[in-house]
């Protein structure tokens with residue numbers, strides 16, 4: 001990627017006061033030099049924007065193809081191949097041309113012959129892969145439209161086609177090591193200062209541009225024309241095919257769906273932008289190779305450097321904007337990132353210790369728990385009958401005492417300290433006395449959930465309370481008032497005997513016999 005003598009104006013001497021004609025010529029030369037320097041700064045700025053935008057855009061294309069299943073696996077593979085070649089071309093081609101465009105005499109290590117040849121080889125490879133990916137996508141679109149119910153290109157064939165693309169690019173780029181002053185589409189700098197006018201150089205330039213640039217672009221337009229003819233013929237004949245690819249309600253569908261039509265428009269736009277941006281490159285090749293013009297204009301050279309690189313930025317932008325499904329996926333991802341970032345800001349800016357009077361969802365600081373709690377309140381909202389039973393429940397103190405007994409699990413029941421109870425004679429109180437789980441006051445309870453041993457989203461719904469057990473509106477059978485009683489189900493006893501009382505107050509045990 002050596003120094004190109006045409007980048008620097010040869011007229012760099014200061015004007016002399018020899019004559020008026022020479023002074024005018026020197027002033028005009030300085031004016032041209034200042035314009036060239038200004039245009040050089042413009043090209044450097046544009047290439048920096050292209051470098052950043054192409055990297056971000058191609059990475060987003062890779063992410064969208066991996067995240068969504070909008071297209072088939074074969075189409076996704078070709079699109080990923082195009083995005084990878086765009087990333088490689090942006091990383092390898094653009095930075096060094098930015099350096100040489102800003103200052104041709106900087107970075108002496110770039111001008112070493114070995115380093116320059118390796119970079120030119122990589123430039124050729126990635127440029128060739130980008131161009132050869134267009135006909136591969138067009139071929140896949142052609143088979144998808146003409147044979148929608150068949151799979152002409154399998155996954156194995158698509159992998160082989162991608163391997164052929166890279167092999168073709170490598171073989172077409174190997175002669176760069178022998179011909180050092182070759183310029184490609186994405187990098188116009190050369191490794192030698194003087195252009196060689198040998199026959200081998202002319203043959204290589206013609207063969208490369210015909211086989212790697214002109215023929216692939218012509219194949220793309222040929223496939224697009226065939227697709228258009230097939231679609232127009234299907235619309236005229238009103239062909240109705242089974243809705244296997246895009247199901248609809250018994251409506252005649254064309255060969256290509258809206259999603260495929262968007263992909264066709266994307267491919268056509270990419271190829272059109274590539275052709276328009278490559279016009280300065282083709283002009284420069286004709287000037288330096290065919291017409292053998294050694295001194296070309298600085299403006300033509302700088303334009304041939306930055307304008308073809310616009311296609312590196314245009315390819316991902318067109319893919320992300322023209323396709324509606326990909327655009328929706330991208331917008332949804334941005335919305336998710338915004339929500340996640342805003343949620344983190346709310347949690348980080350909140351106080352470390354919450355007030356005890358706040359709700360559990362607000363104390364936790366999690367929006368997920370808050371949404372769950374609100375949804376639970378809406379689901380288990382008490383009805384009018386339940387509100388009446390709640391009023392009766394709050395007005396009866398005896399009923400509250402019974403509710404305390406029934407709300408505690410077995411083995412943990414303790415009668416309320418309302419009055420000392422005396423056990424009947426001849427009985428032994430074998431149940432252990434355990435203090436309740438939560439201290440309870442003898443006053444009126446604040447709400448109907450105060451007797452339940454739950455917290456937050458684990459509070460029991462009103463349909464499971466004892467006053468509504470006989471109602472038809474309950475959701476589940478009354479297995480208990482606490483989660484422990486819900487889990488502990490009683491196993492029915494087998495071969496239970498019957499006890500009958502006789503006239504002499506004697507208990508007789510009769511075994512139960514199956515009749």
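Going from the start of the chain as shown, residues are counted 1 onward.
Glycine is treated like the rest: Cβ placed from N, Cα and C.
Here's what Swiss-Prot has on this protein:
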| type | residues | note |
| --- | --- | --- |
| TOPO_DOM | 1-41 | topological domain 'Extracellular' |
| CARBOHYD | 4 | N-linked glycosylation site |
| CARBOHYD | 11 | N-linked glycosylation site |
| CARBOHYD | 17 | N-linked glycosylation site |
| CARBOHYD | 26 | N-linked glycosylation site |
| TRANSMEM | 42-64 | transmembrane segment |
| TOPO_DOM | 65-77 | topological domain 'Cytoplasmic' |
| TRANSMEM | 78-98 | transmembrane segment |
| TOPO_DOM | 99-108 | topological domain 'Extracellular' |
| TRANSMEM | 109-129 | transmembrane segment |
| TOPO_DOM | 130-157 | topological domain 'Cytoplasmic' |
| TRANSMEM | 158-177 | transmembrane segment |
| TOPO_DOM | 178-204 | topological domain 'Extracellular' |
| TRANSMEM | 205-225 | transmembrane segment |
| TOPO_DOM | 226-264 | topological domain 'Cytoplasmic' |
| TRANSMEM | 265-285 | transmembrane segment |
| TOPO_DOM | 286-301 | topological domain 'Extracellular' |
| TRANSMEM | 302-322 | transmembrane segment |
| TOPO_DOM | 323-515 | topological domain 'Cytoplasmic' |
| REGION | 407-435 | region 'Disordered' |
| COMPBIAS | 417-426 | compositional bias 'Pro residues' |
Overall pLDDT of the topological domain 'Cytoplasmic' (65-77), taken as the mean: 76
Long-range Cβ neighbours of the transmembrane segment (78-98) (under 8 Å; 6 or more residues past either end): 1, 44, 47-48, 50-51, 54-55, 57-59, 61-62, 65-66, 71, 110, 119, 122-123, 126-127, 129-130, 133-134, 136-137, 140, 158, 161-162, 165, 186-189, 305-306, 309, 312, 315-316, 319
Secondary structure composition of the topological domain 'Extracellular' (286-301) [DSSP: H/G/I, E/B, coil]: 9 helix, 0 strand, 7 coil
Counts of helix, strand and coil residues, the topological domain 'Cytoplasmic' (130-157), according to DSSP: 20 helix, 0 strand, 8 coil
For the topological domain 'Cytoplasmic' (130-157), distant same-chain residues with Cβ under 8 A (at least six beyond the ends): 72-75, 77-79, 81-82, 85-86, 89, 165, 168-169, 185, 212-213, 216-217, 219-220, 223-224, 226-227, 230-231, 241-242, 244-245, 255-256, 260, 263-264, 267, 270-271, 274, 311-312, 315
